[in-house]
Amino acid sequence: MNNIIDGKALANEILADLKLEIQGFKEKTQTSPKLAIVLVGDNPASMIYIKNKIKNAQQVGIDTLLVNLSTNIYTDDLISKINELNLDKEISGIIVQLPLPSSIDENKILSAVLPSKDSDGFHPLNVGYLHSGINQGFIPCTALGCLAVIKKYAPNLNGKDAVIVGRSNIVGKPLSALLLKENCSVTICHSKTCNLSSITSKADIVVVAIGSPLKLTAEYFNPESIVIDVGINRISNNKIIGDVDFENVKSKVKYITPVPGGIGPMTIAFLLKNTVKAFKNAIAL
């Protein structure tokens with residue numbers, strides 16, 4: 001049995017459905033979703049991510065607007081630019097590519113995006129909806145992608161033990177809320193956790209998002225583990241590897257996502273899905 005999860009194939013299924021849905025919008029309303037991507041500076045890694053987002057958006061019929069601003073921009077000026085996008089009725093969704101330069105107040109910027117156009121799901125209001133169990137607003141895309149993969153291979157999560165290694169607002173915290181809603185018993189671990197392997201090795205599901213190359217080795221898992229590696233670490237020659245020692249772990253677990261080709265494509269698919277949701281909400285479809 002092939003236990004390596006093909007995130008690209010799963011993402012392509014979502015993209016195919018979105019493409020059909022958007023074609024229907026165009027026939028019915030003569031309009032289509034539009035995603036604004038705000039980039040500050042010219043970080044090479046950010047440029048690669050944005051290129052992939054635009055490519056996939058165009059593939060399904062979502063228009064895009066790239067707003068590329070100087071690294072030297074002030075927080076207030078960036079907020080003003082975001083407000084312009086908030087008021088633009090042609091824009092369905094807005095994302096701000098992270099990380100931002102250290103001179104910019106990231107919390108203020110993420111809070112400036114209109115919650116109803118918050119395709120990334122980072123606005124405090126949307127975060128509050130998620131953690132309050134209110135079925136409203138937008139959920140961070142990587143967390144949605146992780147949950148979709150997990151449910152594909154473990155449809156019934158009732159009573160499952162899930163360990164999330166990493167406590168970020170992008171992955172760890174939102175995914176913990178989603179897994180709790182699925183009736184998992186959830187443990188969040190982080191850099192200060194003692195005896196990490198003794199915790200992860202007992203879990204049914206282990207999600208790793210710490211940004212530390214090949215950190216988790218075979219002894220961190222058991223033969224029934226479903227391992228979701230969210231790590232994206234660039235090493236020499238621009239090669240990308242995950243947080244899990246994939247080559248030595250893959251034969252020791254039930255299922256595992258590779259890096260690249262695992263959660264990355266799913267993140268983009270759910271970003272576009274969120275954008276379509278914002279578009280539908282705006283025109284009350």
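Cβ coordinates come from backbone N, Cα and C, glycine included.
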Legend entry - Which of S185, S191, S225, S251 belongs with G166, R167, S168, I232 in the NADP(+) site listed by Swiss-Prot: S191
Inset, instruction - With a 10 Å radius around each C-beta, find which of these binding-site residues (S168, S191) has the fewest other C-beta atoms nearby. - result: S191
